[in-house]
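Beneath this line is the structure, given in structure tokens, with notes to follow.
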Amino acid sequence: MAATGNEEQTLLPDIEEEAEGMEREMESEDDEEEGMGVEHSEEEDEEDTSEDERENEAEIQRLEEQLSINAFDYNCHVDLIKLLRQEGKLHRLRKARQKMSELFPLTEEIWLDWLKDEIRITEDESDREKVYELFERAIKDYVCPEIWLEYVQYSIGGMGAQGGIERVRSIFERALTAVGLHMTKGASIWEAYREFEIVILSTVQPPPGTVPSQEQQELLSAQLERIHTLFRRQLAVPLMDMEGTYAEYSDWADDGVPETVTHQYRRALQQMEKGKPYEEALLVSEPPKLAEYQSYIDFEIKEGDPARVQIIFERALAENCLVPDLWIKYTTYLDRQLKIKDLVLSAHERAVRNCPWTMGLWKSYLLALERHGADHQTVKDVFEKALNAGFIQATDYVEIWQSYLDYLRRRVDFSKEWSRELDELRAAFSRSLEYLKQDVEERFSESGDLSCTLMQIWARIEALHCKNMQKARELWDSIMTKGNAKYANMWLEYYNLERSYGDAAHCRKALHRAVQCTSDYPEHVCDVLLNFERVEGSLEDWDAAVQKTETKLNRVCEQRARVAEKEALHARQEEEKAEQRRKVKADKKAQKKGQKANRTGDKRKAEDDDEEEWGEEAELPSKRLRGEDDFDSTVTEELMETESGLFGRRAPPARKTEPPGFRKNQQGAPEPQRQPHDMPKEQRKDENCVFVSNLTFNMEDPEGKLRTLFQGCGTIQQVRPVFTAKGTFRGYCYVQFEDRLAVPEALKMDRQEVDGRPMYVSPCVDKNKNPDFKVFKYKTSMEKHKIFISGLPYSATKETLEDLCKEHGTIRAIRIVTNRSGKSKGLAYVEFEDEAQASQAVLKMDGTMLENFTLSVAISNPPGRRMKDEAAPSRFLGAAMPRQLQGARGKGRTQISLLPRSLYRQSTPDAKAENGTISAPHATVTDGETSLDTQTKSLSNEDFARMLLKK
């Protein structure tokens, strides 16, 4: 210690001179900045009333007002800080940064800007201490080599103060511990440390030609040993450009590099070569590089060096701070492997600051606090913060309450009849039930604890530890009144509690109530009651139990028989409807074949045969169900000419003007005109073909245009556009490839805009051969990694949404919902890399404004789509009738119904509504006749006659 003091006294004059020189340089820079500031302030005074300043001030006030409403708006904080820094409002800028740092961990860029601004205005030693405190806060958020390098460089500027050199060395050592193992950036800290010590060495060396004293020689030897030690330590760490460091040490060391150092260097070099592929993968990949970091982490865990595992985790989290799974993996590793209190608790605290919506991180934090002996108030404060974190599921609140109650239970000494900890535990149980009932149900419309898990545990604690069966029974009575009395497992749980800690009378009472109320597994409950009476009961108890169970089981059998009868009736009705549909379809097919036989000419016949084989009419219904797009209610005349039953039966053939290109043969029939590239039917393969639809009807040369569009997918055998008899393009076609491998590439062009409309591309499948084939490619269930945005301006584009959402995470896909004409509906789906990013986007974007439109953002959970047979019933019987009533061109024929008007009305005035409609009996049409299907039987002509006579 004395040597250290003498060293500082010897070095102080030289250090003070260097410090004074640095201060003079800083003062000159400050003078220049002040001069620039004066000129700038004069310009500001001259342009004080400029429009830009007024706009900026108005924007600042708007941002501050928005933050007063929602303090957790991250983007608003960033915009406010950027604007205040631009305007040079230092006092307000400092307050804005301080407020943001209290709510969020700050990024490396924000911290560096803040630190540089504070360093620039530092004037005296007290201000330097404030900057030191700011650095200490900055290094706690993330492990950033740049911030550590800025920290050590700033500390060098204060080494002239009392104890300054030791302070600099202390900060350097902490920096090496934090980032010295960083394979690509750690070398900068090592080199800065060595350069600092070499500068110190130059100050302790005696002037040339003088004989150093013993004290000077000791100082010189100690300083040389420090530099040797730094070289040896660095060469033992796998870092990039190790060869250069080794060569530098070889030149610097007078006696050469020791063998032990060379051995450590070679071993570190081998380790560096193992990790080099992972570093190169990180170098060439795009942020946030999560997959590459995951591979790197797995490699380091397999290698088994805890320090290197820690640094790679920290590097990954610096770029993926909003990935809860990565934080969970890191904290779990620290809990199970390192178990260092300060390191573990710091990681848990940073985890919940970055991902506060993740319940699992809060739960792990509470366990870590208890594991490392944190005081009760600290655990309680962390739990209260967790309740205000804003979880996305009701069950998350149940789990965090469960973890906290477990902690409180472990604090209680149940050997005492009364304790303050026991009262606190009971109060916490009561508060948890109240919290779930009020706060959670108000937000999620459910408590999240349908099985009353918390109450069950409370009852078991009262029975087991407190010997208070009366309280346990009260709790179970409350559990059963919350809709759990029909479940056998709930009654058996209560029975087991009474069996363990109660008496036989209450066991018998519980089982009798269970037999009376259970509806899911009554046989099991009855068996438990009979077995109980075999062991515990008298003859009278046995007779009562047998009578009760027989009565219950007989009633259950009757109920099941009625249900089975209803199901059988429903199955028969469905089978009859299916048979009727098959019959109607067969009649239509026969009628269609008859129409074909009566047609004159071979050309029309060939065209119809081609269309039937390619399955175009079978494809159209599936295309109608694509995407979230609604089908236009007004169907164009061209689409209504389809020959299948999609939009109605084809109208009877009428005389038509023959389109251009038709010429009759000697018998008067038109000659067929095959397309130039049309191929025989037997050569067509559906697996090599795609169906293209929703094209504009006035497309010129559709074959040539589509051939150009799809030529990049593979070699095209044929493009077959479909035309009406008049020669009008129907808006859909088939593209046949030579190789089936081209089909997936063609399907990727689905929804591509062509002539202002989204082009639909789907597999070519014959629905007659594959009736269950579904074209709808988007999920109709909840997708937690995808968000649904409504309320968008119709002018919003994919680029607009990408700019809006990219700051919340990695975007995988953006889909704007459009109608068939390609116009936006103001709805969009944005798919993120993971659930955490989507949840963060919902929290940050919901309720924000875009071009004066208020956005509504939620997790994607589209409603299930109804199939044809599941369509909601209409208000009137006519709406449920087959489409043959509308004819080939919609409602071209008369709409007069021959059904009596009294039967055409709704069945009952109080019929239940479903999705905005009222159920009514189904009407069916067979061969032009309408009949009414009721739940009892169909009405005959005699029934209609009797009904008319009653009037």
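Just so it is clear, glycine is given a Cβ too, placed from its N, Cα and C backbone atoms.
Under the heading region 'Disordered', Swiss-Prot lists 1-58 (among others).
Under the heading compositional bias 'Acidic residues', Swiss-Prot lists 14-56 (among others).
The repeat 'HAT 1' annotation in Swiss-Prot covers 88-120 and rests on sequence analysis. Away from its own ends, the repeat 'HAT 1' (88-120) comes close to residues 33, 40, 60, 67, 71-72, 74, 77-78, 80-81, 130-131, 134-135, 137-138, 141-142, 144, 146-147, 150, 154, 318, 321, 350, 353-354 of its chain (Cβ-Cβ under 8 Å, at least six residues beyond either end).
Sequence-distant contacts of the repeat 'HAT 4' (222-255) (same chain, six or more residues past either end, CB-CB distance under 8 Å): 3, 7, 176, 180-184, 186-187, 190, 193-194, 197-198, 200-201, 204, 261, 264-265, 267-269, 271-272, 275, 279. For 222-255, the entry in Swiss-Prot reads repeat 'HAT 4'.
According to Swiss-Prot, the feature repeat 'HAT 7' maps to 374-410. In the predicted structure, the repeat 'HAT 7' (374-410) carries a mean pLDDT of 96.
Residues or ranges marked as region 'Necessary and sufficient for U6 snRNA binding' by Swiss-Prot: 517-941.
The feature region 'Disordered' is assigned by Swiss-Prot to 567-686 (among others).
Per Swiss-Prot, the feature compositional bias 'Basic and acidic residues' maps to 567-581 (among others).
Taken from Swiss-Prot, the feature compositional bias 'Acidic residues' applies to 608-619 (among others).
Swiss-Prot lists 674-686 (among others) with the feature compositional bias 'Basic and acidic residues'.
Annotation source Swiss-Prot lists region 'Disordered' at 905-938 (among others).
DSSP labels the residues of the repeat 'HAT 1' (88-120) in these numbers: 27 helix, 0 strand, 6 coil. Helix, strand and coil counts under DSSP for the repeat 'HAT 4' (222-255) come to 25 helix, 0 strand, 9 coil. Broken down by DSSP into helix, strand and coil, the compositional bias 'Basic and acidic residues' (567-581) contains 15 helix, 0 strand, 0 coil.
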